[in-house]
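Reading through the structure tokens given below for one structure.
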Amino acid sequence: MKVSVVITLAVLGIMFVWASAAELEERGSDQRDSPAWLKSMERIFQSEERECTKFLGGCSEDSECCPHLGCKDVLYYCAWDGTFGK
């Protein structure tokens, strides 16, 4: 009995992973990680109040990003640096 339950759960898990992979392939998972996607997200977080680069905005060094953001050196965008406060 226990073996059949374990086998059933394993088969369901494999089917879930397979279905998820097929769905991601249909949608084009590379579109989520592309720099074009980051640039489109930049428009959402734009603010006219500050002269610094906002969250997910393009950068080349940490000083270009707003407070509490740091420039990521893989795709060169501003992301949270893990600090809190004002």
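Residue numbering: from 1, along the chain as shown.
Note: Cβ is positioned from N, Cα and C throughout, glycine not excepted.
Predicted, not measured: the structure shown is a model, and the values here were computed from it.
The recorded disulfide partner of Cys78, taken from Swiss-Prot and restricted to Cys65, Cys66, is Cys65. Among Cys52, Cys59, the one Swiss-Prot lists as the disulfide partner of Cys71 is Cys59.
In this structure the alpha carbons, written CA, of Cys71 (disulfide bond) and Cys78 (disulfide bond) are 5 Å apart.
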